[in-house]
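Please read the structure below before turning to the comments.
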Amino acid sequence: MALRHFLTLRDLSSLELNSILDRASELKRQQHANQVYQPFKGKVLGMIFEKSSTRTRISFEAGICQFGGSAIFLSPRDTQLGRGEPIEDSARVISSMLDIVMIRTFGHNIVERFASFSKVPVINGLTDDHHPCQLLADLQTYQEHRGSIKGKTVAWIGDGNNMCNSYMEAAHMMGFKLKVGSPKGYEPKPEFLAEFAHCVEVFNSAEDAAVNADLIVTDVWASMGQEEEQKLREKAFLTFQVNEALMALAHPECLFMHCLPAHRGEEISENMLDHKNSVVWDEAENRLHAQKALMEFLLNENAKRA
């Protein structure tokens, strides 16, 4: 039985993905009821951050601690994968001392190479190409508020980035339609579009993408590492702000999500996070519960190999 990792959503079957989402909501109910559940006492999560993040660190560290385990945080100063010691060597050593590893980095090939030589499950906390953990939280949040997302229409407004790529995978696996609204030159990569043409439609207009949507999602215009492009991107994305006027084009019960941190007055209007259909704060909290369900799944799957 092969070691299981979570580098993209498609490392899970659709059945496993749905099971993890249901389990996340169950763990959330337990947590809110102050029920203690510590199946992983003595287990250690290694968190390797080459890209910093408040939400990712807190949610993973709190999650493993609530399970009775502990976490080790490695900042960019502590380890530089592939710069100095080869990634393959780092993976062999680090994984020999841990039970599970989460990596948040730039190139997706870094997590792939690390996982190839790891003795324990590896979780992609974010790469330039994928953000699957955020999708777990988003899918859980939609399910909790509106039920099944199958057959629904999701509008992605903004850059064809890692979040957009993971949404395309989710559309394929969960059976919803994804309408991407991006400025010309900022659409998703052609290879992703070609693979998911059956469930993804691209528009160079935010309004066209938002029409009849059941969920509208956006992200910052310039991600970490794109700061030099900020002014150029502000100009390109000027008509791609999510605001009340855009929400009015969607279904009346359309939800709004943003993975945070948000730049009010840029990709969203000043009050959008507090819009009556915004579920951003539930979405943020669900990072904790979704990742707990994921870690439980991977650790239990790995235990079957012993």
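Cβ coordinates come from backbone N, Cα and C, glycine included.
According to Swiss-Prot, the carbamoyl phosphate binding site annotation covers Ser53, Thr54, Arg55, Thr56, Gln80, Arg104, His131, Pro132, Cys133, Gln134, Cys259, Leu260, Arg287. Following the DSSP three-state reduction, the secondary structure of Arg287 (carbamoyl phosphate binding site) is helix. There are 26 other Cβ atoms within 10 Å of the Cβ belonging to Arg287 (carbamoyl phosphate binding site).
Other Cβ atoms within 10 Å of the Cβ of Asp219 (L-ornithine binding site) number 24 in total over all chains. The L-ornithine binding site annotation in Swiss-Prot covers Asn162, Asp219, Ser223, Met224 and is backed by sequence analysis.
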Other CB atoms, at most 10 A from the CB of Ser53 (carbamoyl phosphate binding site): 17
Of Cys133, Cys259 (the binding-site residues), the residue whose Cβ has the fewest other Cβ atoms within 10 Å: Cys259
Cβ-Cβ distance under 8 Å to His131 (carbamoyl phosphate binding site), same chain, at least six residues away: Asn124, Asn162, Met163, Asn165, Ser166, Cys259
Among Asn162, Ser223 [binding-site residues], residue with fewest other Cβ within 10 Å: Ser223
